[in-house]
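Asker: Please read through the structure below; I'll follow up with questions.
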Amino acid sequence: MTQTAEKPFGKLRSFLWPIHMHELKKVLPMFLMFFCISFNYTILRDTKDTLIVTAPGSGAEAIPFIKLWLVVPSAVVFMLIYAKLSNILSKQALFYAVLSPFVVFFALFPLVIYPYRHILHPTDFADTLQAILPSGFLGFIAMLRNWTFAAFYVLSELWGSVMLSLMFWGFANEITKISEAKRFYALFGVGANVALLISGPAIVWSSKLRASLGEGVDPWGVTLYFLMAMFLCSCAIIAACYWWMNRYVLTDPRFYNPAELKAKKSKPKMSMGESFSYLLRSPYMLLLALLVICYGVCINLVEVTWKSQLKMQFPNPNEYSAFMGTFSFWTGVVSVFVMLFIGGNVIRRFGWLTGALVTPVMVLVTGAIFFALVIFRDHATGLVAALGTTPLMLAVVVGAVQNILSKSTKYALFDATKEMAYIPLDQEQKVKGKAAIDVVAARFGKSGGSLIQQGLLVVCGSISAMTPFLAVALFAIIMVWLTSATKLNKLFLAASAAKEQELAEATAAAEKEASPAAKEVSPAIEGVS
């Protein structure tokens, strides 16, 4: 295999750009792919929320129903189809086959589906159901009433898990050597946050086009047209980069040698039952899974309440979308800052436990302030008057800050400590444990919060009525999160110490074996001399 002489990087370059010139051929298209996938993810995430929350007869209460009854089953169906296609198609054909449904649906949505929504949506049937069923089922009825918007929501959710987690990272892990991954992957993370900095203003610009439109033109329809046009252009770049990688990079022995990469252990495919069984047998893995589940549930509990406040403040879809674009931009700014200057330093200075506790403490503090403002807004008149705003707008801004701080600490600290927790484990635990957590924790994190909210909605009837109970549920889950992190830290330190002891013994044994050989060689050398 051809090797290129590589000089060590200086301190500044190793921090900012640890890439050799000849590696740009591989890094830049991968960086661009990840940037475009993340750019599309932000556009779809903000647009799906705007569509559902501001739709006629709908609101944030529809989101838990969509996530549990549509997103989770759709993800299962997709994985079954994907498994079947992976046995039939080549890797390149499979990538394009997975990308194509997204391109087709999101191209048709602004051109055909949205303009004819009045024909496609069963408004009369939904009105009949609403008259019969209790108010707690409003979210379920809204899901049926605006089923094309719900389909948009499902495809948008799948984009993140399919294109980002499965297709991109699956491709990257397959073609990237471990020595490259240590340098490349951090840059991809920066690319995702740079995508937030660009997609946020793009959403704001598209949403504010209404000011230049004439009478009789649907401003949100025009905004959708431009947003989906950006999405499709980005998809074209993704496909082009993937083609380039296969045509020019994977044929270059400097960057890709299948024989070398066969040594990488593939991730086992585990069923839900097998994953449960594996997690229950390992307290270490069970605690790690609890961290992931608790994060997913907590974010879900706060987000839906925040989005209901957001709808009351911005009932117009263009205004709602513009706010979400600004929110995405500031999420990117804060995430980049925290990742570069806070994340690694906290773990290096204060250790794993502190790094693992920052995110739940942040969610607890900011969540408490947010829920207090929502529940006791009538008692905060003095604070509201001093700030020169309204109770509703204050709740919206505090909710946005809560989301931004929670997600930025999650990206910089929670994800890092979660991955660090795998390091002291043996290879089987790393591979099987990660597979089990991906299957169980990821699904329960998303659907757990939705299940809690659905139960409370049916009983309480509305988001405002169930907010105090959501606050109690949030604090209870954070207590579980903090306890799990503390217990896992003890196991992590013990496993790390055992791993270091094992490595020290192996090193000592290797040196002991090498020393007699060195003694045998020395006389031979003296005799020759």
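Placement of Cβ uses the backbone N, Cα and C atoms for every residue, glycine included.
Given the structure is predicted, the values throughout are model-derived calculations rather than measurements.
The following feature annotations were taken from Swiss-Prot:
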- 24-44: transmembrane segment (TRANSMEM)
- 63-83: transmembrane segment (TRANSMEM)
- 93-113: transmembrane segment (TRANSMEM)
- 124-144: transmembrane segment (TRANSMEM)
- 149-169: transmembrane segment (TRANSMEM)
- 184-204: transmembrane segment (TRANSMEM)
- 220-240: transmembrane segment (TRANSMEM)
- 284-304: transmembrane segment (TRANSMEM)
- 322-342: transmembrane segment (TRANSMEM)
- 356-376: transmembrane segment (TRANSMEM)
- 381-401: transmembrane segment (TRANSMEM)
- 463-483: transmembrane segment (TRANSMEM)
- 509-529: region 'Disordered' (REGION)
- 509-520: compositional bias 'Low complexity' (COMPBIAS)
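Could you place these features in context, so I can see how deep they sit and what lies close by?
Answerer: Residues 49, 52-53, 94, 98, 139-140, 142-143, 150, 153-154, 157-158, 161-162, 166, 300, 304, 307, 443, 446-447, 449-451, 453-454, 457 of the same chain, all 6+ positions outside the transmembrane segment (63-83), place their C-beta atoms under 8 angstroms from a C-beta of that stretch.
Outside the transmembrane segment (93-113) by six or more residues, the chain places 44, 82, 85-86, 120, 148, 151-152, 155, 158-159, 162-163, 166-167, 171, 221, 224-225, 227-228, 231-232, 235, 238-239, 242 with a CB less than 8 A from a CB of the stretch.
If one looks beyond the transmembrane segment (149-169) by at least 6 residues along the same chain, the residues whose Cβ comes under 8 Å of a Cβ in the stretch are 33-34, 37-38, 40-41, 44-45, 47-48, 51-52, 55, 58, 62-63, 66-67, 70-71, 74-75, 78, 82, 95, 98-99, 101-102, 105-106, 109, 117, 143, 238, 442.
Counting only same-chain residues 6+ beyond the ends of the transmembrane segment (220-240), those with a CB under 8 A from a CB of the stretch are 32-33, 36-37, 39-40, 43-44, 47, 96, 99, 102-103, 106-107, 109-111, 114-115, 163, 202-203, 206-207, 209-210, 213, 317-318, 321.
Distant neighbours of the transmembrane segment (284-304): 60-61, 63-64, 67, 278, 356, 359-360, 363, 367, 370-371, 399, 402-403, 406-407, 410, 414, 418, 421, 425, 429, 433, 436-437, 440-442, 444-446, 448-450, 452-453, 463, 470, 473-474, 477-478, 480-481, 484-485, 487-488, 491-492, 495; these residues of the same chain sit at least 6 beyond its ends, with a Cβ under 8 Å from one of its Cβ atoms.
Within its own chain, the transmembrane segment (322-342) is flanked in space by residues 42, 45-46, 49-50, 189-190, 193-197, 199-208, 310, 314, 396, 400, 403-405, 407-409, 411-413, which lie at least six positions past its ends and keep a Cβ under 8 Å from the stretch.
Beyond its flanks by at least six residues, the transmembrane segment (356-376) meets 291, 294-295, 298-299, 302, 305-306, 309, 346, 391, 394-395, 398-399, 401-402, 405-406, 409-410, 413-414, 417, 467-468, 470-471, 474-475, 478, 481-482, 485-486, 488-489 of its own chain at Cβ-Cβ distances under 8 Å.
For the transmembrane segment (381-401), same-chain residues at least 6 beyond its ends with a Cβ under 8 Å from one of its own Cβ atoms are 302, 305-306, 309-310, 312-313, 323, 327, 330, 366, 369-370, 373-374.
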Asker: Grab the same-chain neighbours of the transmembrane segment (184-204) for me: Cβ-Cβ under 8 Å, and only residues 6 or more beyond its ends, written as numbers and ranges.
Answerer: 17-19, 27, 30-31, 34-36, 38-39, 41-43, 46-47, 172, 176, 227, 230, 321-322, 324-333, 335-336, 339, 411
Asker: Cβ under 8 Å, sequence separation of at least 6 from the ends of the transmembrane segment (463-483): give me the contacting residues as numbers and ranges.
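Answerer: Long-range Cβ neighbours of the transmembrane segment (463-483): 59-61, 290-291, 294-295, 297-298, 301-302, 304-305, 308, 357, 360-361, 363-364, 367-368, 371, 374-375, 452-453, 456-457.
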